[in-house]
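J.: Below: one structure in structure tokens.
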Amino acid sequence: MTTTRHHSMAMTKIQFANTEDKQEFSKYPTKAGRRSLSRSISQSSTDSYSSAASYTDSSDDETSPRDKAQVNTQGSSDFCVKNIKQAEFGRREIEIAEQDMSALISLRKRAQGEKPLAGAKIVGCTHITAQTAVLIETLVALGAQCRWTACNIYSTQNEVAAALAETGVPVFAWKGESEDDFWWCIDRCVNREGWQANMILDDGGDLTHWVYKKYPSVFKKVRGIVEESVTGVHRLYQLSKAGKLCVPAMNVNDSVTKQKFDNLYCCRESILDGLKRTTDIMFGGKQVVVCGYGEVGKGCCTALKALGAIVCITEIDPICALQACMDGFRVVKLSEVIRQMDVVITCTGNKNVVTREQLDRMKNGCIVCNMGHSNTEIDVASLRSPELTWERVRSQVDHIIWPDGKRVVLLAEGRLLNLSCSTVPTFVLSITATTQALAVIELFNAPEGRYKQDVYLLPKKMDEYVASLHLPNFDAHLTELSDEQAKYMGLNKNGPFKPNYYRY
């Protein structure tokens with residue numbers, strides 16, 4: 001979080017390798033009115049998600065967007081973005097993203113005539129990038145009215161937010177928000193006179209939490225919630241367990257297409273991209289420990305092993321540990337191998353996976369980074385101590401220097417490596433966005449009684465439909481069951497082809 005970062009940095013000796021980095025660091029806004037040291041914001045919202053695809057320098061103008069009077073070409077001022085004049089550039093970004101999101105565009109064309117979301121008033125809180133803009137504009141094309149804000153204070157592409165605002169979508173977001181700005185944007189998104197949301201599309205659960213706490217009457221009238229993140233889904237299950245979830249919710253995070261593509265295949269590519277861009281490391285022969293062998297860990301290990309790295313795993317789950325063994329990886333305790341490691345990667349979603357004691361024992365030049373959901377996995381707070389020196393060597397790369405001269409290379413201050421230091425493939429985001437769009441359509445149009453006040457997984461048929469929409473990208477041709485085969489297997493020829501308990 002920006003505020004915590006400044007507070008803690010003040011107590012730590014900071015050195016900058018060059019003048020440019022010093023100037024960039026000092027550009028962060030410091031208005032007291034925009035700062036709050038409370039820690040109520042969720043980790044998912046404060047994780048760095050700086051999009052490398054965004055070429056806008058958020059610090060060009062230090063005036064807060066909240067203090068600007070801006071109007072789009074339609075005469076509307078119902079938005080708050082960094083600079084509405086960047087809309088044309090943002091439009092080009094969105095058009096580029098559309099090229100690799102053919103499935104979502106296909107869904108838009110197929111359903112546009114029917115307007116399945118006519119009457120839907122969707123309030124959304126996601127990362128605002130060119131790819132999510134394609135999702136938002138698809139929802140609008142299908143008949144929905146949308147108001148949008150960012151789920152992360154670092155992730156917004158300012159030019160894309162401007163492009164959306166220019167087309168008439170009320171957007172309240174900019175890159176580099178303070179915590180106060182973050183909650184102000186959410187409130188402006190929800191609290192509009194004469195407009196009341198009946199659907200929530202969330203990433204992290206902050207929007208849902210805000211509506212539940214501050215606008216309970218609105219929350220009770222919502223027809224459905226669609227949530228895509230681990231954190232947000234966990235919070236929904238907590239509400240459900242406590243009997244406080246009074247609307248149906250769709251858990252998109254655990255849909256097969258989202259899990260496999262967003263977590264496994266995406267991380268298999270982006271782990272290398274993030275490490276190469278920040279450190280220029282050569283992987284052959286390097287000793288790497290990956291903490292966690294879930295979908296993210298599996299993707300990371302596959303990529304690292306393919307480039308010749310010597311990879312070992314830490315795990316708490318015997319099933320995942322056995323999988324790692326069968327895939328040819330040693331399963332170890334971190335404390336046993338920490339002195340020999342060249343690279344340490346966390347991807348567990350837990351806290352204090354790498355402790356200060358382990359950081360003290362690392363060898364000179366060890367690279368430490370996180371691929372998990374939140375920035376709690378590495379105990380970065382313990383490194384904000386007077387005896388250690390922080391040296392910013394390039395964007396998102398810090399050398400932590402011990403009194404004896406040892407250096408540990410910390411990437412993205414322990415936040416998500418791939419989303420902070422590189423980019424995520426548009427094709428992967430197409431799969432997630434298509435899943436979200438179908439979940440919204442399903443919940444909004446479901447007859448009364450189909451979904452009760454609980455958390456549901458995306459129906460298997462829809463998961464298969466999302467996959468089928470993306471097959472043309474590979475010129476893939478599915479084999480069709482004959483009537484005899486379908487009868488023998490007890491299946492419908494058009495699916496679903498697997499039971500709900502099937503493990504892909």
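Heads up, the Cβ atoms here are built off N, Cα and C, so glycines get one too.
Just lifted these from TrEMBL, have a look:
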| type | residues | note |
| --- | --- | --- |
| REGION | 1-74 | region 'Disordered' |
| COMPBIAS | 38-57 | compositional bias 'Low complexity' |
| BINDING | Thr129, Asp203, Glu228, Lys258, Asp262 | substrate binding site |
| DOMAIN | 263-424 | domain 'S-adenosyl-L-homocysteine hydrolase NAD binding' |
| BINDING | Gly294, Glu295, Val296, Gly297, Lys298, Gly299, Glu315, Asn418 | NAD(+) binding site |
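What's the neighbourhood like for these features in this structure?
T.: Cβ neighbour count for Asp262 (substrate binding site) (all protein chains, 10 Å cutoff from its Cβ): 22.
Around the Cβ of Glu315 (NAD(+) binding site), 23 further Cβ atoms fall within 10 Å across all displayed protein chains.
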J.: Where does the mean pLDDT land for the domain 'S-adenosyl-L-homocysteine hydrolase NAD binding' (263-424)?
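T.: Here the predicted model's pLDDT, averaged over the domain 'S-adenosyl-L-homocysteine hydrolase NAD binding' (263-424), is 94.
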J.: Enter the number of other CB atoms within 10 angstroms of the CB of Gly294 (NAD(+) binding site).
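T.: Its Cβ has 18 other Cβ atoms within 10 Å.
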J.: Max Cα-Cα distance in Å among Thr129, Asp203, Glu228, Lys258, Asp262, the residues listed as binding substrate?
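T.: This binding site's residues have a maximal Cα-Cα distance of 18 Å.
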J.: What Cα-Cα separation, expressed in whole Å, is found between Thr129 (substrate binding site) and Glu315 (NAD(+) binding site)?
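T.: About 34 Å separates the two Cα atoms.
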J.: Rounded to the nearest Å, what's the C-alpha distance separating Val296 (NAD(+) binding site) and Asp262 (substrate binding site)? Just drop the number here, would you?
T.: 9
J.: Taking the Cβ of Lys298 (NAD(+) binding site) as the reference point, list residues of the same chain whose Cβ is under 8 angstroms away and which are at least six residues distant in sequence.
T.: Leu264, Gln323, Asp327
J.: Can you tell which of the binding-site residues (Asp203, Glu228, Glu295) has the fewest other C-beta atoms within 10 angstroms of its C-beta?
T.: Glu295
